[in-house]
Each structure stands twice: as C-alpha cells, then as structure tokens.
Amino acid sequence: MNPLVFTVIMSTVMLGTAIVATSSHWLMAWIGFEMNMLAVIPILMKKYNPRSMEASTKYFLTQATASMLLMLAVTMNLVYSGQWSVTKPLSPTASTIMTLAMAMKLGLSPFHFWVPEVAQGISLPSGLILLTWQKLAPMSILYQISSTINLDLLMTLSILSIGIGGWGGLNQTQLRKIMAYSSIAHMGWMTTILAYNPTMTLLNLAIYILLTTTTFMMFMLSSTTTTLSLSHTWNKMPLLTTAILLTMLSLGGLPPLSGFMPKWMIIQELTKNDNVILPTMMAVMALLNLYFYMRLTYSTSLTMFPSTNNMKMKWQFNYAKSTTHLSPLIILSTLILPLSPMLALLE
C-alpha cells in the first residue's frame, strides 16, 4: 500500500473514533462509526488474498448491521423524547437496542462469531488494530449510556462472553484466534463492571490494550502465528519468547502479573455491591482462559519440538530487528500490580 494512502486511511480511522468519543449528537456519533468502519476495511485487506477479502466482508456486514441498529435506537429515542443528545438518558427500549448494537461492534457473545474468523483472516498488524483501537469507539458510547443500560441484559452478555471466550480458545492452535477469544472474554469483564463503576471499565480497557499491543508486537517481531512456530522461537530468541509467555500469562490474569489487577478490582467492586454469585462464576470461567495460556506456556518452554542441531544454535547470532521499543511495554505488561495501591488515590 502506498505510504501516503496508508497515512490518510489511518488518519481517517483515528478521526472516526475521535468523533464518536467526543460527539454530543447521535448523528455525529453514527457518522464517526461509519468513517471508522469504511477506513479500516482497506487496512484489513492490506495483504490482498481470498482470506483477507472474506474477513473484510464479514467485518463490513457485521459492523453495518450494528450501525443500522444504532440508528434504529436513535430514531426510537427521538420519537419518545424528541432529542438527539448523547448525554441525555435514553428510553428503555432505545437503550436495549443501543446496547445490542455496541455488543455487536465489540464482539460480545452471542454476537462474537465474526471476531475469531476476521482475526484469523488478516495480518498481525491489522489484527492488532482490530482487537485494540476498534474497541475504543463502542466502549466510549457504552460508557456514556452506562446509567440507562438494562443491568440484566448487560450481565447476561458479560457472563456469556467470559464463558465463550474461555471455551472457544481451548482447542485453538492459531495464535490470532486465541487472541480473539481472549478479547471476547476481556470485553465480558469490562462490561460486567460498566453499570457499577464506569471508570473502572476504562482502566480495564487501557490495561487490556497495553497487554494485547505488547503481545502482538512480539508476535510481529518473531513472525509467529501458530503454537508450533512459537515453540521454534525458543531456539532463535529465548529472551523474547520468555517475554511473550509472561505477557500471555498476564493476559490470562495470573498473579502477580499486571493482568491480575483489573480482575481483582472488578471482583472487589462487585462484592462491595453485595454481589457474590456473579464474581464467583466469573472467577471460575477465567480459569479456562488461564488454562489455555498455561498450556501454551508448557508446550513452548517445557517441551522441545523436533529440530535440527543448526536450529538450536540460532540464538547465538545477532538479531537484525530492533527491540528497544518493546522494553517499556513488556515491563508495564508484567509489573503494574505492585502499583495498584496507588489507584486508591483516584477514588
């Protein structure tokens, strides 16, 4: 892709998200979503092949349907209340439809089917944008309407997402699909706490984006897309492979790594609100995610796949690509937990 064209497209993607996050008028929010969707499709099709075309088509159809539901919710709200303001409370029916539209855009269960398929059909840089940046706009809308969301609907979507995110990743060997199912589970955790403490949702989103960005950048650096190729990186880059495995365990929520902090805070917040059954179910289902990350760690670090003696010596040679930019990301992705007492200052 021409660098100038790519710059224009990326600018449009960012502008679309910024319009959604800052607009106070529902029509402008819808325009921002459409700008973002139409600009991100060429990024998904950057490596032109049948799989990326199929993935882009699935993404377009899902997002277009969600945008249509958004406009339906806005129109119904206009009929009920006669106003277009994002900051004013939505009517109950409009709020339910809007929640479903945003769930479809985020890939929450039961609207999650497109996420693993699209993530698998595109390149790693495109997958990074899909699973991080593309979550910002829908989450900003959910944050703004959090006071009027139907709590039962939200909890149902959340529990389903955490469960499906765990079950779906169990039999996967493709790392992009594993990251997609992990994304579904993380979105479930974020939406659970949305009605109780919306600010905590934003903190959770920031940590999720940090962990996912670090993991994808390390995959790109090592050109890794499957569990088999991940096991071979141990011979070439042992330090980077160790960092990948630690970041993945952090994504799974294993203490004392950074990924444990948002889960801990969400469970604490739910129990403060006299909710015991829900966090117990969430904690049990989070073990499914942790299990497939632990299995990945085991197969990579504690077992050696068949390889020649020449392959085992590759770590001795200098690696051409620079890894300087990864150092702060890896540190943040694994060592935020000791800083968590400072978050008490935010309350």
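Just so you know, glycine gets a Cβ as well, placed from its N, Cα and C.
Lifted from Swiss-Prot, the feature list:
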type	residues	note
TRANSMEM	1-21	transmembrane segment
TRANSMEM	25-45	transmembrane segment
TRANSMEM	59-79	transmembrane segment
TRANSMEM	111-131	transmembrane segment
TRANSMEM	149-169	transmembrane segment
TRANSMEM	178-198	transmembrane segment
TRANSMEM	201-221	transmembrane segment
TRANSMEM	237-257	transmembrane segment
TRANSMEM	276-296	transmembrane segment
TRANSMEM	326-346	transmembrane segment
(request) Give residue numbers and ranges for long-range contacts of the transmembrane segment (111-131): same chain, 6 or more residues beyond its ends, CB-CB under 8 A. (result) 13, 40, 43-47, 51-52, 54-56, 58-59, 62, 100, 103-104, 161, 164-165, 168, 174, 176-177, 179-181, 183-184, 212-213, 216-217, 219-220, 225
(request) Residue list, the transmembrane segment (201-221) vs rest of chain: Cβ under 8 Å, 6 or more residues beyond ends. (result) 124-125, 127-128, 131-132, 135-136, 139, 142-143, 146, 175, 179, 182-183, 186, 189-191, 193-194, 240, 243-244, 247-248, 250-251, 258-259, 261-262, 265-266, 321, 323, 325-326, 329-330, 332-333, 336, 343
(message) Please identify the stretch among 25-45, 149-169, 178-198, 276-296 with the greatest number of Cβ pairs below 8 Å relative to the transmembrane segment (237-257).
(response) 276-296
(request) Report the listed stretch (25-45, 149-169, 276-296) having the maximum count of Cβ pairs within less than 8 Å of the transmembrane segment (178-198). (result) 149-169
(message) Same chain only, please: residues at least 6 beyond the ends of the transmembrane segment (149-169) with a C-beta under 8 Å from a C-beta of the stretch. Say none if there are none.
(response) 92, 95-96, 99-100, 103, 108-110, 112, 116, 142, 177-178, 181-189, 191-192, 194-195, 278, 281-282, 285-289, 291-292
